[in-house]
Amino acid sequence: AQQPPDSCQTFCRCLEAAKTVKCVDGNLTAVPSDLPPYVRTLFITGNRLARLPAGAFPAQRLPHLSALNLSDNHLRAVEAGALASLPALRQLDLSGNPLVSLSPLAFGEEGGSPLEELVLRGALRDQGVLLSLAAMLQSGTLRNLSRLELADNGLLLLPAGMFTALPSLRQLDLSNNSLVGLRNVSFQGLGQLQSLDLSGNSLGVLRNGTLSQFRSLPALRRIALGHNTWVCDCAIEDLVAWLKESDQVEGKEALTCAYPEKMLGKALLKIDSSDLDCSVPIDLPSQLQTSYVFLGIVLALIGAIFLLVLYLNRKGIKKWMHNIRDACRDHMEGYHYRYEINADPRLTNLSSNSDV
């Protein structure tokens, strides 16, 4: 089991009629080198591959492989070119692997991949892998992707512009993470998006910018928002208004407040303005910015008045400066005169009290 098997039948079940090969729980450390060329669906799961190097799949040997399941293999690295020799690959499942390295060039450098479905459930625990995935998606290599599953990864924030180069995306699953906000997430360009799952996160509010993006997506018909920690203060008014008018949200009647305590369990759809405590400003950064602008205006006005006073009194100030200069000059001449007297050896015998 420590070497690539010499025969497909050694560690795998090869089902020619179904065009399927299953290499399950066989302690494989590398992809079998003699997989049959007829295979369309390949399961290599529950093994110990550790890494997927360049050329892991024999070049031109698997021209019909369209579905590849590599879940739960203890994979830590998917290297550049590892999946480049699979011209028909449409579905890839890397779930349950503790990835620490995912090359943006895993599908090769030239052209785009035909991949349509990518499942990474529980495989993006490392922040560096998330950034590598974002680079891969933004490069345009996966422009044919229609389904992307990123559930169960503990994600807090998503890289900006992560989904902007996925024009064919129809289903996006971000459920069961720890997302606290979507401010830097752009859904622009996802004109084909039909389903968005944001359930099981830590969202406290959705801002107007995000809601406007949802409204602008013509195909978006299903948004899942259940099991989030909605904060029911003044900032949630826009979300509540959108929920009441939108038919995109699945099970919106079950959405309830998590904070503050007095609103705990209250349905979002039943909230009105009288329920919210708006006595405390909710947009502190904007208020601070306004205060700074006002302070700058006041300081500029004081500076202008000061310069105007100086200008109007320029003659008096000039005379005053001349008087100070003359006084300083006389004072310094007095010091100089005394120094010359004290330094003259001819006067050493004179009394210090004499009138010179």
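Placed from the backbone N, Cα and C atoms, the Cβ positions cover glycine too.
Feature annotation from TrEMBL assigns domain 'LRRNT' to 7-41. Per-residue pLDDT, averaged across the domain 'LRRNT' (7-41), gives 89.
Per TrEMBL, the feature domain 'LRRCT' maps to 228-279.
Residues annotated as transmembrane segment in TrEMBL: 292-312.
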By DSSP, how many residues in the domain 'LRRCT' (228-279) are helix, how many strand, and how many coil?
24 helix, 9 strand, 19 coil
